[in-house]
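Report on the structure given below.
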Ligand SMILES: O=C[C@H](O)[C@H](O)[C@H](O)COP(=O)(O)O
C-alpha cells in the first residue's frame, strides 16, 4: 500500500470513530478537508442505513454540497446559535495543549465560527498532524479582505512571519467562500500562540486566522496502532 493510501486509511479510521459520537436529535457541525470528507461520508451512511435523525451545518460550500448529496438534512444560524457537536480535521495539533492550526483548505473562518458554536469540538487527524510546537509543519493561514491585502501582508511579516504570501491557485489569487483572500504566514515555530493571535487580529483588514486556541474538546488521532483519544 502506498503512503498516501495509508494516510487516507488512517484519516478514515479517525473519521469513523468520531461519527460514533453522533446521536439522534443532534445538530452537527461538519468540518472541511479530506479527513472531514470521510466523516461526512460515514455520517451520510448512518443517516441512510440507520435512519439517524440529525441536522447539520457545513463549514464550506464543498462540505455543504457533499452533505446534501448524501441526504443529510442541513440547518443554519437562522435556526440555531449552539450546536451539539462539531467534527473537523486540522493541519497541526500541538501535543500537550491540543491547540490547532487549521485552514490549509481555506475554510478557517467558517470552521472557527462553527467550532465556537459547538458544545463539543472533536478533531480528527492522522498521526502526522501531531507537532511539538505549532508553526513547524504548516504555514498559518490568515484570512484578509482583498482591499489593501498587500499592507496586511507587510504588517503580518512584522509579527515574525518569514513570509506572508497570498495563496494562489493556478496562477490566480485563491478566494475563500467568504470572498476574501488567504495569506499563508510562515513562522519559524510559534512560541506564544495567544500573543500571536492578538497581534494578528489587531491588523485592520484581517478577518481571522487559523490558530484555534482553547477550542478543542478532544482529538482522535489515528496511527498504525489504532485510534488514540487525546483530551486537553
Ligand atoms: O481549511 C481547511 C481545514 O482547516 C481542514 O480541516 C484542514 O486543512 C485539514 O485538512 P485535511 O483533513 O485535508 O488534512
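Any Cβ shown, glycine's included, is placed from N, Cα and C.
Where the annotation comes from TrEMBL, it is an automatic prediction and has not been curated.
The active site, proton acceptor annotation in TrEMBL covers 111. Residue density at residue 111 (active site, proton acceptor): 33 other Cβ atoms are found within 10 A of its Cβ, drawing on all protein chains shown.
The Cβ of residue 90 (substrate binding site) lies under 8 Å from the Cβ of 100, 101, 102, 123, 125, 129, 212, 219, each on the same chain and at least six residues away in sequence. The substrate binding site annotation in TrEMBL covers 32, 33, 34, 35, 88, 89, 90, 91, 102, 103, 104, 105, 129.
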Among 88, 102, 129, the binding-site residues whose C-beta sits under 6 Å from ligand 1: 88, 102
Secondary-structure category, per DSSP, in which residue 111 (active site, proton acceptor) falls: helix
Between residue 111 (active site, proton acceptor) and residue 32 (substrate binding site): CA-CA distance (Å): 8
